[in-house]
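See structure below.
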Amino acid sequence: MGSRCGRPGGSPVLLLLPLLLPSCPLRSARMFPGNAHGELVTPHWILEGRLWLKVTLEEPILKPDSVLVALEAEGQDLLLELEKKHKLLAPGYTETHYRPDGHPVVLSPNHTDHCQYHGRVRGFRESWVVLSTCSGMSGLIVLSSKVSYYLQPRTPGDTKDFPTHEIFRMEQLFTWRGVQRDKNSQYKAGMASLPHVPQSRVRREARRSPRYLELYIVADHTLFLLQHQNLNHTRQRLLEVANCVDQILRTLDIQLVLTGLEVWTEQDLSRITQDANETLWAFLQWRRGVWARRPHDSTQLLTGRTFQGTTVGLAPVEGICRAESSGGVSTDHSELPIGTAATMAHEIGHSLGLHHDPEGCCVQADAEQGGCVMEAATGHPFPRVFSACSRRQLRTFFRKGGGPCLSNTSAPGLLVLPSRCGNGFLEAGEECDCGSGQKCPDPCCFAHNCSLRAGAQCAHGDCCARCLLKSAGTPCRPAATDCDLPEFCTGTSPYCPADVYLLDGSPCAEGRGYCLDGWCPTLEQQCQQLWGPGSKPAPEPCFQQMNSMGNSQGNCGQDHKGSFLPCAQRDALCGKLLCQGGEPNPLVPHIVTMDSTILLEGREVVCRGAFVLPDSHLDQLDLGLVEPGTGCGPRMVCQDRHCQNATSQELERCLTACHNGGVCNSNRNCHCAAGWAPPFCDKPGLGGSVDSGPAQSANRDAFPLAMLLSFLLPLLPGAGLAWCYYQLPTFCHRRGLCCRRDPLWNRDIPLGSVHPVEFGSIITGEPSPPPPWTSCQQRSHPPSLDLLSDPANSELT
């Protein structure tokens with residue numbers, strides 16, 4: 001898709017963009033067809049510097065944190081430096097399957113007890129490796145952008161005593177699988193060599209505040225059957241796919257953290273059909289339940305079924321972090337985990353606001369290298385890198401407030417166990433990590449031991465500048481939308497606090513909308529996203545008349561059979577989006593104008609809607625539907641195609657606790673306005689919340705000065721009166737000034753001073769006349785001093 005599909009405004013486009021594959025057979029047995037054979041090899045573990053044990057097909061005896069593996073490929077000895085992916089599984093990681101009676105069985109295995117590794121090949125600077133060591137070794141070994149291998153175990157009947165594995169050139173592998181190169185094809189199909197991860201990414205990733213995608217993967221019942229109803233095999237398949245997805249997402253500086261796996265061992269828990277659109281939205285509806293029990297960022301369904309046409313994956317664009325749309329579906333279409341992982345990464349890319357790469361956009365990898373992940377159609381070899389266009393779209397998505405949940409792990413050490421210095425990722429026990437010594441120009445960090453240089457406080461993060469922590473209150477993430485909230489450096493961490501936003505239901509857009517997952521959807525905004533800045537919502541009678549019809553011109557969505565549903569009158573504003581004005585054609589490709597006319601007060605009124613072309617090959621949700629969270633009346637909001645009460649008891653309770661001194665954030669804490677202090681906005685302070693970091697005024701010295709003055713100023717009148725009482729009479733007589741004794745208070749009052757009973761009027765700006773002069777024996781001062789007795793010239797200080 002072109003750049004016009006981007007969403008400059010607020011809420012996500014619920015547009016489904018599938019990844020297309022050629023209609024050639026992709027699923028096969030473990031062995032390749034025909035007489036295809038790779039080179040027979042036996043990898044060996046190397047522990048404590050010596051050859052230790054050959055890699056067998058059994059479950060590994062050891063699962064070390066780091067290990068060397070030796071093998072030979074095409075007469076060349078390769079030494080793989082492998083490291084267990086400690087960040088792959090989150091603390092609290094769970095695995096769920098079901099008993100025959102339908103009850104779930106939830107296990108909490110040790111989140112470090114797995115056999116998924118990554119690493120590099122010693123002596124090859126551009127190399128990278130992604131391997132599973134469960135039941136032998138399988139995975140990718142990339143030496144350079146031109147040379148890559150796939151290693152996999154041989155079937156048990158073929159191994160006898162040795163060798164235990166086969167290694168293939170990737171181009172061999174795909175040629176044997178019957179995929180022919182066709183330069184004129186709309187699909188990419190070429191000899192495979194997978195691109196390496198750019199080394200420049202290492203420093204970029206370390207220097208920014210990290211982003212983590214907390215993922216929950218579900219395998220449907222068909223996939224479980226295809227794995228011969230073997231729960232452990234299904235589990236390993238999902239972990240291998242997740243391991244590869246993580247490697248792909250790292251090219252976007254995003255790290256995957258798996259919070260859980262679920263296998264539908266007895267039956268599917270959401271409706272799964274050959275219709276990808278129907279399957280997706282049924283799954284997203286089911287996803288709400290698991291998300292409520294175990295919050296995470298994205299839920300991905302991996303199905304063993306085949307969808308109609310060439311669609312192998314589907315996801316809502318910009319759906320990430322949203323309860324109703326943060327997920328996707330992918331078919332397990334490839335024998336290789338990398339193939340299925342490329343599809344899942346593509347769909348996650350859509351959730352992150354990425355559209356299909358236009359022609360000429362992918363310069364990072366050509367067809368022979370797999371191309372780029374976000375190309376609309378892909379074949380063999382599978383892509384492994386995101387294009388520069390995708391990276392730009394992602395930056396735009398983050399700038400406008402998208403993906404706040406990806407920043408909710410502000411301290412990477414929370415997810416880390418043993419680490420390896422020099423890999424470019426800040427891990428447990430490291431103060432910094434700028435990559436290898438040859439490529440580490442960082443003035444803050446020692447590359448050889450990942451420690452800070454003398455005098456340095458930090459090396460990475462948005463709250464680190466010139467090796468020093470930014471002061472508390474320095475803005476590090478401004479509010480991006482009406483429903484977003486700013487974050488500030490804490491002064492103790494180099495990372496910006498987790499991204500928070502207004503609690504769902506908070507009013508936004510001057511009361512025309514209500515916040516939902518950090519967005520502020522309004523009818524005006526949605527019309528302008530479809531038709532341009534000159535568009536506006538159609539009159540309400542358009543919605544009432546058209547959406548009650550229950551056809552393609554007006555409806556409240558579709559049922560599971562694809563039939564249009566009419567809207568009830570109260571729900572009319574939550575159905576088909578109807579607009580007026582703007583561009584003659586929609587700004588989004590594959591969508592056409594559908595104008596309808598109604599009579600309103602004796603005149604014809606055009607109600608403009610949008611319709612997806614049936615032959616567009618985009619099996620997508622009707623983009624012309626009003627988005628969830630859109631206001632549909634006073635204190636009313638659209639949810640599930642119904643106009644519902646927007647009043648939230650949770651929001652009301654939170655606002656009450658904030659003493660009307662602030663708003664409520666997504667963690668249900670008070671975000672105080674300037675002048676009030678968290679946590680409850682009931683005491684003077686700078687504003688902000690316990691989640692955002694301490695706010696700071698534009699002039700960091702102004703607030704302490706104001707607090708000092710607010711304390712001292714009330715004392716000045718009393719201090720002045722005391723000074724007058726004790727010092728001024730003596731001063732007057734010494735200077736020859738005449739004073740008089742006040743008989744009421746029995747004290748001297750200097751001329752021009754204020755009587756205590758008149759203090760209130762002085763404060764309100766009403767000057768009192770000075771007391772009359774009295775006779776003195778001497779008056780040595782010239783008459784010019786009489787101005788002190790002139791009320792018109794009196795000044796109060």
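Glycine too: its Cβ is placed from the backbone N, Cα and C atoms.
What Swiss-Prot lists as active site is Glu347, and the listing cites sequence analysis. The annotation disulfide bond is assigned in Swiss-Prot to Cys321-Cys405, Cys361-Cys389, Cys362-Cys372, Cys476-Cys496, Cys654-Cys664, Cys658-Cys670, Cys672-Cys681. Annotation comment: Swiss-Prot describes 650-682 as domain 'EGF-like', evidence class sequence analysis. For Asn110, Asn232, Asn277, Asn408, Asn449, Asn645, the entry in Swiss-Prot reads N-linked glycosylation site. If you look up Swiss-Prot, you'll see 1-29 marked as signal peptide, on the strength of sequence analysis. Annotation source Swiss-Prot lists topological domain 'Extracellular' at 30-702. Summarising the annotation, Swiss-Prot assigns transmembrane segment to 703-723.
Asn110 (N-linked glycosylation site) counts 8 other C-beta atoms within 10 Å of its own C-beta, drawing on all protein chains shown. Taken together, the residues of the domain 'EGF-like' (650-682) have an average pLDDT of 94. On the backbone, the CA of Asn408 (N-linked glycosylation site) and the CA of Asn645 (N-linked glycosylation site) stand 30 Å apart. Here Asn645 (N-linked glycosylation site) is compared against the recorded positions Asn232, Cys362, Cys670, and the shortest C-alpha distance is to Cys670. Broken down with DSSP, the domain 'EGF-like' (650-682) shows 8 helix, 10 strand, 15 coil. For Cys681 (disulfide bond), the same-chain residues that are 6 or more apart in sequence and have a Cβ closer than 8 Å to its Cβ are Cys658, His659, Asn660, Gly661, Gly662, Cys670, Cys672, Ala673.
For Asn110 (N-linked glycosylation site), the spatially nearest entry among the disulfide-bonded residues Cys361, Cys362, Cys496, Cys654 is Cys496, judged by CA separation.
When the Cα atoms are compared, Cys372 (disulfide bond) and Cys361 (disulfide bond) turn out to be 9 Å apart.
Within the group of glycosylation sites (Asn277, Asn449), the Cβ with the highest number of other Cβ atoms inside 10 Å belongs to Asn277. You'll find the Cα of Asn277 (N-linked glycosylation site) roughly 28 Å from the Cα of Cys362 (disulfide bond). Annotated pair Asn232 (N-linked glycosylation site) and the residue listed as 'active site', C-alpha to C-alpha distance, rounded: 26 Å.
There are 11 other Cβ atoms within 10 Å of the Cβ belonging to Asn645 (N-linked glycosylation site). In the three-state DSSP scheme, Asn277 (N-linked glycosylation site) falls into the helix class.
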